[in-house]
């Protein structure tokens with residue numbers, strides 16, 4: 001199997017930026033920042049970026065570039081921990097399935113935005129309920145039971161959500177069509193591996209920044225935008241005394257950069273041997289975090305505008321996750337002049353941000369399978385990519401049913417949290433203490449002619465593992481059963497969630513046990529000795545029989 005390389009270094013940087021910068025930068029960071037002290041949150045955020053995010057990024061880029069292998073094979077450096085590579089592949093495989101559901105919703109909203117009147121802007125639609133409250137031009141005249149038209153559109157029209165995971169209901173035709181389109185886009189962009197995706201990222205990575213900037217220019221001119229930005233940036237330094245703020249800053253850094261998913265190792269394996277990985281390991285995380293911060297201005301400008309229009313406090317207007325991207329933001333856009341145009345711009349941006357992240361995860365999965373089965377798929381990348389896209393499309397159909405949102409929430413709750421922390425912690429310990437950081441230093445010097453500084457010794461050996469251990473303990477102690485609104489998942493669903501979570505961790509002890517078994521040479525010695533012992537026992541028995549016969553005589 002001939003190793004491919006990026007056409008130029010910009011392709012690699014754009015691919016890594018696209019992989020790291022995803023929809024979470026738009027719908028999670030601003031909310032987390034607001035909830036944890038506003039501008040003051042940036043202090044622990046950037047501290048953990050330096051002490052945890054960048055060191056992990058540097059490790060994975062170094063491993064991939066030096067070995068030219070996917071996560072499956074890169075752990076030949078320490079065979080007893082080859083389960084880490086398998087775990088990374090499993091993580092990427094699972095995340096890819098439900099991540100494309102976000103793209104499914106985005107494609108559907110993008111299509112619906114191409115109308116004169118946005119369908120989520122009014123309450124006079126067939127799916128609306130008596131609790132739907134129309135915007136009357138000054139404020140919502142709402143009660144505790146009132147629901148915005150955008151929320152009803154998402155829940156009752158887009159999802160047509162059932163009352164629980166026990167009632168999955170039929171497939172929603174509009175969602176399965178959009179899911180098919182999402183997987184078709186992934187296949188077309190990845191059918192030739194990095195030769196095709198490396199060119200696509202010029203569009204899918206650069207255009208979102210242009211669109212984000214256009215949204216910022218428009219949103220800061222809206223009434224109330226200044227109040228929103230002020231709310232976003234005003235620091236509450238007292239919050240820095242709360243342990244929870246530091247935990248959330250660390251977790252946000254970890255999940256926004258995407259270490260331990262295998263994508264960084266895979267993407268860097270296509271680099272030229274002498275590429276400057278230290279530069280990339282600092283530049284890409286800074287771009288990622290800068291994007292989150294930049295997106296916050298857009299989101300809070302619009303939230304400030306919405307707060308101004310409907311007369312509710314900003315703290316009650318902002319939301320996180322799908323609620324921001326598919327409820328709060330569409331609601332705000334529907335109040336703006338030229339609403340369909342700004343809705344189209346937003347959802348194109350969301351589509352590009354999401355599909356970029358898919359590139360890295362799918363490439364991790366396919367490259368790992370190609371190295372695992374070189375005779376079957378070594379020269380059949382296009383076939384393998386097609387098989388993966390078809391199979392993952394079929395698996396994802398369950399999330400296009402009426403109960404699909406419950407499946408999505410369950411996977412989101414369990415699949416990218418606890419297990420990924422375990423993999424990242426083990427990765428750090430193995431490289432720094434078992435494989436030995438000095439060997440990695442020597443390899444980096446071999447590639448870049450510069451030996452890493454003492455900063456990397458301190459972070460890799462002590463600071464980063466301690467932070468990872470703290471995150472793991474905090475996650476375990478604070479883990480709660482999953483909820484979707486007021487809905488509590490049944491015990492059997494929670495059990496399935498834990499199975500999915502542990503699917504990426506179980507390969508680690510299994511591979512350790514396999515590698516701790518005696519090898520063939522020892523088994524041969526053992527067999528020879530057992531044969532010799534058996535022969536000796538038979539000779540001794542024959543001697544005893546002869547002796548007893550002589551005595552009788």
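Cβ coordinates are placed from backbone N, Cα and C, and glycine is handled just like the others.
Look at TrEMBL and you will find 12-30 (among others) tagged as transmembrane segment. Proximity of distant same-chain residues to the transmembrane segment (12-30), defined by a Cβ-Cβ separation under 8 Å and at least 6 residues beyond the stretch ends, is recorded for 6, 102, 194, 197-198, 201-202, 204-206, 208, 232, 252, 255-258, 263-264, 267-268, 270-271, 275, 280, 283-285, 287-288, 291-293, 295-296, 299-300, 318, 320-322, 324-325, 349-350, 353-354, 356-357, 359-361.
The Na(+) binding site feature in TrEMBL is assigned to 18, 20, 21, 25, 256, 288, 353, 356, 357. Classification of residue 21 (Na(+) binding site) by DSSP places it in coil, neither helical nor stranded. The Cβ neighbour count for residue 21 (Na(+) binding site), using a 10 Å radius over every protein chain in view, is 27.
For 42-63 (among others), the entry in TrEMBL reads transmembrane segment.
If you look at the transmembrane segment (84-111), the same-chain residues 6 or more away from its ends with a CB under 8 A from one of its CBs are 23, 70-75, 158, 174-175, 178-179, 181-183, 185-186, 260-263, 265, 322, 325-326, 330, 343-344, 347-348, 350-351, 354-355, 357-358, 360-362, 364-365, 368-369, 392, 395-396, 399-400, 404, 407-408, 411-412, 415-416, 419-420, 423, 426-427, 430, 500, 503-505, 507-508, 511. The annotation transmembrane segment is assigned in TrEMBL to 84-111 (among others).
The feature disulfide bond is assigned by TrEMBL to 123-132. In the structure as shown, the Cβ atom of residue 123 (disulfide bond) sits within 10 Å of 19 other Cβ atoms.
For 171-190 (among others), the entry in TrEMBL reads transmembrane segment.
A Cβ distance under 8 Å defines the sequence-distant neighbours of the transmembrane segment (202-226), meaning residues of its chain 6+ beyond its ends; these are 11, 14-15, 17-18, 21, 189, 291, 294-295, 297-298, 301-302, 304-309, 336, 342, 345-346, 348-349, 352-353, 355-356. Residues annotated as transmembrane segment in TrEMBL: 202-226 (among others).
Per TrEMBL, the feature transmembrane segment maps to 246-270 (among others).
Sequence annotations record features per position, and here TrEMBL assigns transmembrane segment to 282-306 (among others). If you look at the transmembrane segment (282-306), the same-chain residues 6 or more away from its ends with a CB under 8 A from one of its CBs are 13, 16-17, 20-21, 25-26, 29-30, 33-34, 42, 45-46, 49, 53-54, 57, 209, 212, 215-216, 219-220, 222-229, 231-232, 253, 256-257, 314, 317-318, 324, 328-329, 331-333, 335-336.
Listed as Cβ neighbours of the transmembrane segment (326-353) (distance under 8 Å, sequence separation of 6 or more from its ends, same chain) are residues 18, 21-23, 25-26, 103, 105-107, 109-110, 113-116, 118, 120-121, 135, 148-151, 153-154, 158, 203-205, 207-208, 211-212, 214-215, 218, 222, 299, 302-303, 305-306, 309, 317-319. According to TrEMBL, the transmembrane segment annotation covers 326-353 (among others).
If you look up TrEMBL, you'll see 383-401 (among others) marked as transmembrane segment.
Annotation source TrEMBL lists transmembrane segment at 413-435 (among others).
Long-range contacts of the transmembrane segment (455-477) within its own chain (CB-CB distance under 8 A, at least 6 residues past either end) are made by residues 48, 51-52, 55-56, 58-59, 247, 250-251, 254, 417-418, 421-422, 424-425, 428-429, 431-433, 437, 441. Under the heading transmembrane segment, TrEMBL lists 455-477 (among others).
Among the features that TrEMBL reports, transmembrane segment is placed at 489-510 (among others).
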Contact ranking winner - 42-63, 171-190, 246-270, 489-510 against the transmembrane segment (383-401), Cβ under 8 Å: 171-190
18, 20, 21, 25, 256, 288, 353, 356, 357 excluded, remaining Cβ within 8 Å of their centroid (Na(+)): 17, 19, 22, 24, 258, 291
Residue 132 (disulfide bond) versus binding-site residues 18, 256, 353 - nearest by Cα: 353
DSSP state at residue 132 (disulfide bond), helix/strand/coil: strand
